[in-house]
Amino acid sequence: MPESVTVVDHPLVQHKLSLMREKGTSTAVFRQLLREITELLAYEVTRDMAMTVKRIDTPLESMDAPTLAGKKLALISILRAGNGMLDGVLELIPLARVGFIGLYRDETTLQPVQYYFKVPQGLDDRLVIVVDPMLATGNSSAAAVDLLKEAGATNIRFLCLLAAPEGVKRMSEAHPDVPIFTAAVDRGLNEKGYIMPGLGDAGDRMFGTK
Ligand code: URA
């Protein structure tokens, strides 16, 4: 596995992921579990955020208290499944700025095509966390990161729930500077591009569509 990949093997993450994989898990529970796991993953992805100190007064005396440095981070959802991970991160970092990238796959070229792009200003000064639960082929993730770099982002991290080795390879070749955080790396993709054993279509499972 490339050095840029961190598999968050915390027991709570792994237990919740197993529940999400089960086909009988309801939409409501699936969504709740995704939110809970994302909180735990967000803890890891932000572990080395830049810090500074600020002079504060406790009820007893003054102290130099550690606080987050720099501009508020930008959280970017790749539509539509990325939206299921927004609340988990925002629970921990409520002041994060939020952006959205919509991509679809052109059926003839099989390449991702952008249909929506709305991101916070000043990406060059922010930690940018891209969320998408399933890193499958890696094509849309790599394209989303291309767009963010074109928009000025220089400090990007990719946060997903499940990854396929194919997606990890594609991302780490296209963007070796972008660390990937995931709860698991599964066996591989099937002929339809699903992660195996995976959990099915994450968007359908969280929104109750088919
Ligand atoms: N997207 C999904 O939702 N599931 C997969 O298995 C692969 C891509």
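Here the Cβ of each residue, glycine as well, is placed from N, Cα and C on the backbone.
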Point to revise | Site-mate of R80, R105, D132, P133, M134, L135, A136, T137, G138, N139, S140 for 5-phospho-alpha-D-ribose 1-diphosphate in TrEMBL, selected among D9, D201 | key: D201
Check your understanding: Taking every residue in the domain 'Phosphoribosyltransferase' (7-209), what is their average pLDDT?
Key -> 96
Review point. Which chain neighbours of the uracil site, leaving out I195, G200, D201, A202, have a Cβ atom within 8 Å of the mean position of the site's Cβ atoms?
Key: P133, M134, L162, Y194, G198, L199, G203, D204, R205
Check your understanding: Among all the protein chains here, how many other CB atoms are within 10 A of the CB of I195 (uracil binding site)?
Key -> 26
